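Database features (TrEMBL):
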- A:Tyr130, A:Gln191, A:Asn214: NAD(+) binding site (BINDING)
- A:Ser237, A:Gln259, A:His262, A:His328, A:Asp361, A:Glu415, A:His420: substrate binding site (BINDING)
- A:Gln259, A:His262, A:Asp361, A:His420: Zn(2+) binding site (BINDING)
- A:Glu327: active site, proton acceptor (ACT_SITE)
- A:His328: active site, proton acceptor (ACT_SITE)
Protein chains: 2
Amino acid sequence: MSLRLDFNAPDFEQSFAAFLTTKREVSADVDAIAAEIIARIQAEGDAALIDYTKRFDHLDLSETGIAVTEAEIDAAVASVDPETYAALELAHERITAHHARQMPSDDRYTDAIGVELGSRWTAIEAVGLYVPGGTASYPSSVLMNAVPAKVAGVERLVITVPSPRGELNPLVLAAARLVGVSEIYRVGGAQAVAALAYGTETIAPVAKIVGPGNAFVAAAKRRVFGTVGIDMIAGPSEVLIIADGNNDPAWLAADMIAQAEHDTGAQSILITDDATLADAVEAEMERQIARLPRGETAAASWRDFGAVIVVPDLEDAVPLANRIAAEHLELAMDDAEAFIPKIRNAGAIFVGRHTPEVIGDYVGGTNHVLPTARSARFSSGLTVLDFVKRTSILKLGPDQLRAIGPAAIALARAENLDGHAASVAIRLNMES
Amino acid sequence: MSLRLDFNAPDFEQSFAAFLTTKREVSADVDAIAAEIIARIQAEGDAALIDYTKRFDHLDLSETGIAVTEAEIDAAVASVDPETYAALELAHERITAHHARQMPSDDRYTDAIGVELGSRWTAIEAVGLYVPGGTASYPSSVLMNAVPAKVAGVERLVITVPSPRGELNPLVLAAARLVGVSEIYRVGGAQAVAALAYGTETIAPVAKIVGPGNAFVAAAKRRVFGTVGIDMIAGPSEVLIIADGNNDPAWLAADMIAQAEHDTGAQSILITDDATLADAVEAEMERQIARLPRGETAAASWRDFGAVIVVPDLEDAVPLANRIAAEHLELAMDDAEAFIPKIRNAGAIFVGRHTPEVIGDYVGGTNHVLPTARSARFSSGLTVLDFVKRTSILKLGPDQLRAIGPAAIALARAENLDGHAASVAIRLNMES
């Protein structure tokens, strides 16, 4: 059974604190294997890539080629049914429009004593996007990761996607074509991450790698971090719904299940001030899960990690929500708008009863790559900012150096860095 | 001898590529020790903190207390000489003024079909700043790390600083007081990082840890990442100077040495189109290093990692500089301003002959925490953005859900996520 917590119970704080520290990830010992794979790709390049792909994906790249061809992408696009393709286009258009607003502005100014200062933003030159294979090969993830990179101005955008027994998801190729991805390679796992980071004869190295993947991909990304940039390592997904009594329990149950069907490690949490609604949602979930194709996954997620918290007043939900720091937060209540400013920690907020979280997964326009496992306390969802970097600019003339140079000399001396002091003093004809 | 590369030599590309991959960090095997320390702090809290501090810092915290007292900070501030204190104040003022311009703006708008979208920025609630002890205990680093946090609106800003045999740098305490740090604890090493991440009886946990440290601190930060946020793990510092022939070699030599005196792993690189200047700079460096207190460190850095690259034309420096992606880039040339747009990858640019990099270390106003080891290709120096996080906002009414909901259903079905499709369909009275 999922957890049920009563705010007024004497052990509530203790139970809630324990709930917050629940681990939802399987910690497989995959790091050593990832390290070995990376070392072989570095040493042997394409040959190792071909070998691993034979072993793990049962595919001979020496026959198919490592790169997916334009003809294959053309065929994939042609095979997508028109309704789905139109949905993909709408999603692409809406995500692009939203992310275009995120581009940071350069800043250059002169202060009161004539020092010029500035910040200049430039796009990362080359980015690799890891796309999982098989059932987790989601076209929506391609859009969510690739669009911000494209908006940022990344010139070279490379996809790696494993192709078990040669199969590729046509929608993934169609999404890549829509965004304008430069290159697609049919490789996956730690070997794909290593190829992106260090390069092989076929795949030129990139400067940053983003995108979801299994434990081997995550371990490889951690290992190549420093050589290249990486995005956050995402954990299982979660939703928190704060609901008043005026809700259709079937709607809320559907939203809880949409989260739970992702993964047995996913988490759905309901906080409400209406115990009757809580019961109704739980009953509805049972009914809906029974007829769901991924019902077993949803049932396991709900049983192991689901929770319902009944509070005396919705105000009491505020500190709890800020401690949970949910990836997705639905505000299903009368004046949801007034509730927004109370929320400090959340990846994304879905406001009101007509904004199911699923809209944000696909076509809302906001990004669905969001901080999981309470990391919304210190990090943000994917944005254009993840694909640009900032260079600071400082410019002094002789007058400005005379004005603030002596203070730099004083601090350098206080830190026993006499060479630092000398580099300023020599320009001021001072003794260092 | 430092490396000398000639652009016109037949093996230049090969030598330059090898130069780019030079490792400058000692890879000590400290991870297992860091893991053990973290586990003990988690299990035993203050008791373990006291024990480790006895062992590593030769200090009995049960006598001194873990927290530095207000009286100690008062005494430290009183002991600082007025000139140095005034320099610290000037630095604080200038760094604050520059970083205040970096605060991102919230965005909230309604699109053509009535969907409301937004981005809301909030400060991280609690941040820990690690300050090294001993000779590397720099007041300038306290300012550079703490000011952006303060500008961002971080309420609780905690410093940990080891206090070997009870010693604390009064300037570090004075800088902490200037910025308005909330709490200071006299602990260091992996044990301080663990205490900040997991909390002890005395130290409440924070949500993010920033600041430089030795190999144990870096290993501990990598390990607690996920539970808390961390900043980048900085490597040894580096400077690249691009210089025309119109320079005083003594000035350039002083700047090269200011970098080299930091650390035997530091790196100073000169690119010039004037071979005579290159010779003169090298000769000047030898002269200046001979009379420098930290001359041995500078000499080792210069010998092992220093480089001079002579190019036929300064234009040839552009691609090399973008591949080096230096932490610090000095443009010591006639029209330095015109050179800025050519530079894509650099942590900070110091424009013109009167802007030695050292000004940026202390009083320029820009941050001195910058990406090292070529990571300016994909990352940025420390900014206010590192202390805020973004929550995205999405709000639909029934009309908007009718307009874009069907596309979400189509994509969810294409991804075999029927629970996702159902969560939208149930609100549209559609079959899922």
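In case you wondered, yes, glycine gets a Cβ from its N, Cα and C as well.
Nobody curates TrEMBL annotations by hand; they come from automatic prediction.
Annotated features taken from TrEMBL, shown on the structure.
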| residue | record | Cβ contacts under 8 Å, 6 or more apart |
| --- | --- | --- |
| A:Tyr130 | NAD(+) binding site | A:Ile159, A:Thr160, A:Val161, A:Gly188, A:Ala192, A:Val193, A:Leu196, A:Ile209, A:Val210, A:Gly211, A:Pro212, A:Gly213, A:Val217, A:Lys221 |
| A:Gln191 | NAD(+) binding site | A:Ile37, A:Arg40, A:Ile41, A:Ala48, A:Leu49, A:Tyr52, A:Thr53, A:Phe56 |
| A:Asn214 | NAD(+) binding site | A:Pro132, A:Gly189 |
| A:Ser237 | substrate binding site | A:Gln259, A:His262, A:Asp263, A:Ala266, A:Gln267, A:Glu327, A:His328, A:Thr372 |
| A:Asp361 | substrate binding site | A:Ser140, A:His368 |
| A:His420 | substrate binding site | A:Ala408, A:Ala412 |
Restricting to the chain of A:Glu415 (substrate binding site) and a gap of 6 or more, list residues whose Cβ falls under 8 Å of its Cβ, or answer none.
none
Applying an 8 Å Cβ threshold (strictly under) against chain B, tell me which of the recorded positions A:Glu327, A:Asp361, A:Glu415 fall inside, in sequence order.
A:Asp361, A:Glu415
A:Gln191 (NAD(+) binding site) in three-state DSSP notation:
helix
How many neighbouring Cβ atoms, not counting its own, are there within 10 Å of the Cβ of A:His328 (substrate binding site)?
27
What three-state class does DSSP give A:His328 (substrate binding site)?
strand
To test your reading of the NAD(+) site: which residues beyond A:Tyr130, A:Gln191, A:Asn214, same chain only, put their Cβ within 8 Å of the Cβ centroid of those residues?
A:Pro132, A:Thr160, A:Pro162, A:Gly188, A:Gly189, A:Ala190, A:Ala192, A:Val193, A:Gly213, A:Phe216, A:Val217, A:Ala220
When a 10 Å sphere is centred on the Cβ of A:Gln259 (substrate binding site), how many other Cβ atoms does it contain?
31
Tell me the Cβ neighbour count for A:His262 (substrate binding site), meaning other Cβ atoms within 10 Å of its Cβ, over all protein chains shown.
23
